[in-house]
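**Q** Grabbed the feature section from Swiss-Prot, which reads as follows:
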- 1-15: signal peptide (SIGNAL)
- SER45: O-linked glycosylation site (CARBOHYD)
- 56-92: domain 'LRRNT' (DOMAIN)
- CYS65-CYS71: disulfide bond (DISULFID)
- CYS69-CYS78: disulfide bond (DISULFID)
- 93-114: repeat 'LRR 1' (REPEAT)
- 117-138: repeat 'LRR 2' (REPEAT)
- 141-163: repeat 'LRR 3' (REPEAT)
- 164-183: repeat 'LRR 4' (REPEAT)
- 186-209: repeat 'LRR 5' (REPEAT)
- 232-253: repeat 'LRR 6' (REPEAT)
- 256-277: repeat 'LRR 7' (REPEAT)
- ASN272: N-linked glycosylation site (CARBOHYD)
- 280-302: repeat 'LRR 8' (REPEAT)
- 303-324: repeat 'LRR 9' (REPEAT)
- CYS323-CYS356: disulfide bond (DISULFID)
- 332-354: repeat 'LRR 10' (REPEAT)
- 355-370: repeat 'LRR 11' (REPEAT)
Amino acid sequence: MKVYVLLVFLTLCSAKPLFHPSYLTLKNLMLKDMEDEGDSDADNSLFPTREPINPFFPFDLFSTCPFGCQCYSRVVHCSDLGLSSVPSNIPFDTRMVDLQNNKIKEIKENDFKGLTSLYALILNNNKLTKIHPKAFLTTKKLRRLYLSHNQLSEIPLNLPKSLAELRIHDNKVKKIQKATFKGMNALHVLEMSANPLDNNGIEPGAFEGVTVFHIRIAEAKLTSIPKELPSTLLELHLDYNKISVVELEDFKRYKDLQRLGLGNNRITDIENGSLANIPRVREIHLENNKLKKVPSGLQELKYLQIIFLHSNSITKVGVNDFCPTVPKMKKSLYSAISLSNNPVKYWEVQPATFRCVLSRMSVQLGNFRK
């Protein structure tokens, strides 16, 4: 018996400390995020080196922490607790608050009062229907706000001017008001897919003065490409909408665009010359549409490397549809051309058609099924 007890004791003493994987993963992600962001604050680090983390005690056991939550290195982790409201006693020096997967219905005026160092706020997958106009009055350093999978009917007004990334995917937003992003010069990423937004819901001037680089409005009710999005766009994703035609003037405003997503729409025609307005584009998604031919102008896009055209109604591929006809024209080699699941007879496609691809593995043909 004594030997058994001794063995158990030795086993417990030699056991490694228990870490929850999500804590360390979350910390690493936020560290990388802060490095990428290049925050110019005097206190640049989310996990300051002057407060080293003891691997045997990953949580700060002595500071104030909301009941049921876990606090460590200026991160307050309160997800998956069934909370119906934002907890009190969040430390004032908190940099990140994780409240996802709860049952919070409302953000009140003082829920985040005094959190002047808050950098990221995660409220995904709650039941939010209302956010007080003054809820973010003191969070002047907030850079990332995640509100996806809630029941918000509009984008909150009076968001912090410091915000760089807003994700409000899968809500009930039908309108983007003119004043929504006023003064938000730091906003670079806007993700608002899976909202019942149509073209009339984007008020004229809604994006005036903002320098957004990435916008995703997929799974919405758009019937055409919005023409008044920021001219600074590098990525535009409008997949899973109801767009039927790409008109000549649709991309005239977006000359710096590098990635374009128009997959899973109803596009039957791309007007000649329309793609010439995005000369810097590198990747185009047009899969799962109703195109009957390869869009014209691809051979003139010297930076284009990826083009997805699978699952359309393309019956013919010309020898000059993808590659330049001018021998001296320098063009990036294609790393992916997807033409699979089209009624084109692949044995009729001339080998010279793909003379500007990286390798034959870069081309996908065949597998058409009626």
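In case you wondered, yes, glycine gets a Cβ from its N, Cα and C as well.
Keep in mind that this is a model prediction, so the values were computed, not measured.
Could you place these features in context, so I can see how deep they sit and what lies close by?
**A** Under the three-state DSSP scheme, CYS71 (disulfide bond) falls in the strand class. A simple way to gauge crowding: the CB of CYS71 (disulfide bond) has 20 other CB atoms within 10 angstroms, across all the protein chains here.
Same-chain residues at least 6 positions away in sequence with a Cβ under 8 Å from that of CYS78 (disulfide bond) are, in sequence order, PRO66, GLY68, CYS69, GLN70, PRO87, VAL97, ASP98, LEU99, ASN102.
Averaged over the repeat 'LRR 1' (93-114), the predicted model reaches a pLDDT of 97.
Beyond its flanks by at least six residues, the repeat 'LRR 3' (141-163) meets 33, 37, 39, 41, 100, 116-129, 131, 133-135, 169-177, 179-181, 183-187, 191-192 of its own chain at Cβ-Cβ distances under 8 Å.
Taken through DSSP, the repeat 'LRR 4' (164-183) splits into 0 helix, 4 strand, 16 coil.
Sequence-distant contacts of the repeat 'LRR 5' (186-209), counting only residues of its own chain at least 6 positions beyond either end whose CB sits under 8 Å from a CB of the stretch, comprise 143, 148, 155, 161-178, 180, 215-224, 226, 228-230, 237, 240.
Here the repeat 'LRR 6' (232-253) has Cβ contacts under 8 Å with residues 193, 211-225, 259-275, 277-278, 285 of the same chain, all six or more residues outside its ends.
Within its own chain, the repeat 'LRR 7' (256-277) has Cβ neighbours under 8 Å at 216, 218, 231-250, 283-292, 295-298, 300-301, 303, 308, counting only residues six or more beyond its boundaries.
Sequence-distant neighbours of ASN272 (N-linked glycosylation site): residues of the same chain at least 6 apart with a C-beta under 8 Å from its C-beta are LEU248, SER296, GLY297.
Per-class residue totals from DSSP over the repeat 'LRR 8' (280-302), listed helix then strand then coil: 3 helix, 3 strand, 17 coil.
Beyond the repeat 'LRR 9' (303-324), the same-chain residues lying 6 or more positions past its ends with a Cβ under 8 Å from any Cβ of the stretch are 258, 263, 279-294, 331-344, 348-350, 352-357, 364.
CYS323 (disulfide bond) carries neither a helix nor a strand DSSP state and counts as coil. Every protein chain considered, the tally of other Cβ atoms within 10 Å of the Cβ of CYS323 (disulfide bond) stands at 18.
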**Q** Could you list the residues of the same chain, at least six apart in sequence, whose Cβ is under 8 A from the Cβ of CYS356 (disulfide bond)?
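**A** When sequence neighbours closer than 6 are ignored, CYS356 (disulfide bond) has PHE322, CYS323, PRO324, LYS331, LEU333, TYR334 within Cβ distance under 8 Å.
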**Q** Return the stretch with the most CB pairs under 8 A relative to the repeat 'LRR 8' (280-302), choosing among 93-114, 117-138, 332-354.
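**A** Between the candidates 93-114, 117-138, 332-354, the best contact partner of the repeat 'LRR 8' (280-302) is 332-354.
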**Q** In the repeat 'LRR 10' (332-354), how many residues does DSSP call helix, how many strand, and how many coil?
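**A** When I sort the residues of the repeat 'LRR 10' (332-354) into the three classes, I find 7 helix, 4 strand, 12 coil.
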**Q** In sequence order, what residues of the same chain, 6+ apart, have a Cβ less than 8 Å from the Cβ of CYS65 (disulfide bond)?
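**A** Non-local contacts for CYS65 (disulfide bond): CYS71, VAL76, ASN89, PRO91.
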**Q** State the residues, same chain only, that lie 6 or more residues beyond the ends of the repeat 'LRR 2' (117-138) and have a CB under 8 A from a CB inside it; answer 'none' if no residue qualifies.
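**A** Long-range Cβ neighbours of the repeat 'LRR 2' (117-138): 30, 33-34, 39, 43, 46, 74, 79, 92-109, 111, 144-153, 156-160, 167.
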**Q** Give the nonlocal contacts of the repeat 'LRR 4' (164-183) in its own chain as ranges (CB under 8 Å, at least six residues past its ends).
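**A** Distant contacts of the repeat 'LRR 4' (164-183): 37, 124, 143-155, 157, 189-198, 201-210, 216.
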